[in-house]
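As recorded in Swiss-Prot, the features of this protein are as follows:
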BINDING   G233, P234, F235, G236, S237, G238, K239, T240  ATP binding site
Amino acid sequence: MDNGRIVRINGPLVVADNMRNAQMYEVVEVGEPRLIGEITRIEGDRAFIQVYEDTSGIKPNEPVYRTGAPLSIELGPGLIGKIFDGLQRPLDSIKELTKSPFIARGIKVPSIDRKTKWHFVPKVKKGDKVEGGSIIGIVNETPLVEHRILVPPYVHGTLKEVVAEGDYTVEDPIAIVDMNGDEVPVKLMQKWPVRIPRPFKEKLEPTEPLLTGTRVLDTIFPIAKGGTAAIPGPFGSGKTVTLQSLAKWSAAKIVIYVGCGERGNEMTDELRQFPSLKDPWTGRPLLERTILVANTSNMPVAAREASIYVGITMAEYFRDQGYDTLLVADSTSRWAEALRDLGGRMEEMPAEEGFPSYLPSRLAEYYERAGRVKTIGNPERFGSVTVASAVSPPGGDFTEPVTSQTLRFVKVFWPLDVSLAQARHYPAINWLQGFSAYVDLVANWWNTNVDPKWREMRDMMVRTLIREDELRQIVRLVGPESLAEKDKLILETARLIKEAFLKQNAYDDIDAFSSPQKQARIMRLIYLFNTYASKLVERGIPTKKIVDSMGQLLPEIIRSKAAIKNDELNRYDELERKLITVFENLEKEAGT
Ligand code: ADP
């Protein structure tokens, strides 16, 4: 392959000629420092190259080296617990994210360490038939993750050789597959081009919730394993706290946290906390099941694009092992801004607010890679990629292009509301604007595994909150006196829903995580209160009398979220008994 020649440099965009036969999305090395770039447009013998490293100092006429390969990443033992930059180059520590410019330019380092020896236990033997995705053995990569070694997609045949149990590097051949007479070595590590989704056998309906331990998420706007969610919110509304609590508490085996922030600095504060976080289930370091991807400060905005694809490809790889994975991205607005920047430099015709016309299709492709699947290969297994992305709309305006386009492609919307945050109602998720398309799908799981009345109770809470909003507007116009008693009860029930259920302190040892059973127990108290009180109100008992008769019980119910631990839920029996007693007495008084 001939070298190309730089003709023009415009920030991260480099145009080169003598690039005939180059491929779209081929990786090239640009200029003397061999900066990494990807071809994003071809016109005759000219290629437009998106460069992922700082291009200052590069001059016209310098060479462009072709690689003939698409942007690919390495997949194998050695990923977990690591911090990578947007091109999957390993960073020794988060501090490296903020190092001064120019040091790492053009540096080619292997993504996965080549020297470490991993203890490999084969699960197949010579003569076995394998196909792409078949598990040939395991490596216990961390105390939390059994890394299943897979035959790469599109490789299939009979095993000609399999090594004995022992210690191997990621480059040692551990098996040889006879593929129609060709001998194909399989190693602990494989490569995959990031822009191409990894194959699977079948996409399945997402019917199981991905539990997060956050009540408003799990019960009001649930996400399913394999689902997609967007968390839009202005600065300070709680995006980071929500994403971190997802990374920490959600029932995903592997979490991939992609930070495509405002250069390195914005991300470091966020990522710096990770090494000290503990996995709540095992008490082990959270990094034993987490991978971080973040752009370093010397990488231009274009690298945000790469980091999104690097992240989702890693998530798919662990999905293929049969795991539930969660990709957390903060924030996709920054990625979209990078696309806008590059589109502008390429003099493309802009669409809404300067964003390129292909923004919707890029977002669609990204969210399309989420899903719960039957994986390729043997033995039969299922895995999922769930995607939760923050969106940062300027000024909190959800009608701007990135938020509104994202809404078209996600099935769950967790909008953060600045006025709730200011009122210290956390998580500040607006219960009127939020939605989840998975409620019907996951209701069966909840009804069967947690409480047969889950759906009914949840819908009662949602109805009450919607009606409360309407009533508040009426109160604003004509004052509270005008409300009927049954409407006053709705305001009381709504208050209880907000205080006892929706509000949840991410920093409280007990409240930070609510098991599904605990969520249902709190919800049941609210449901019982509403059901009994409604009957009394119908019989002419004023709401105020009912609330007064409760004495300290309502505050006690509100406090229970931070007082009753997930493993002492029988304490809710007592609260329930007390509640029922109050109502039985009121009923007696009313003369039944
Ligand atoms: P953003 O990322 O949207 O700019 P943050 O996630 O940093 O906002 O949240 C801002 C502040 O709001 C946090 O520092 C914290 O004090 C508070 N906060 C947000 N969510 C919660 C929560 N669930 N529980 C307690 N405090 C919260």
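Here the Cβ of each residue, glycine as well, is placed from N, Cα and C on the backbone.
Summary of the ATP site environment: with the site residues G233, P234, F235, G236, S237, G238, K239, T240 set aside, the chain residues having Cβ atoms within 8 Å of the Cβ mean position are S392, L416, V418, A421, A428. In this structure, the binding-site residues under consideration are G233, P234, G236, G238, and the one with the smallest number of other Cβ atoms within 10 Å of its Cβ is G236. Cβ neighbour counts within 10 Å, taken over all protein chains shown, single out S237 as the most crowded of the binding-site residues F235, S237, K239, T240. Checking the binding-site residues G233, P234, S237, K239 against ligand 1, the ones whose Cβ sits under 6 Å from it are G233, S237, K239.
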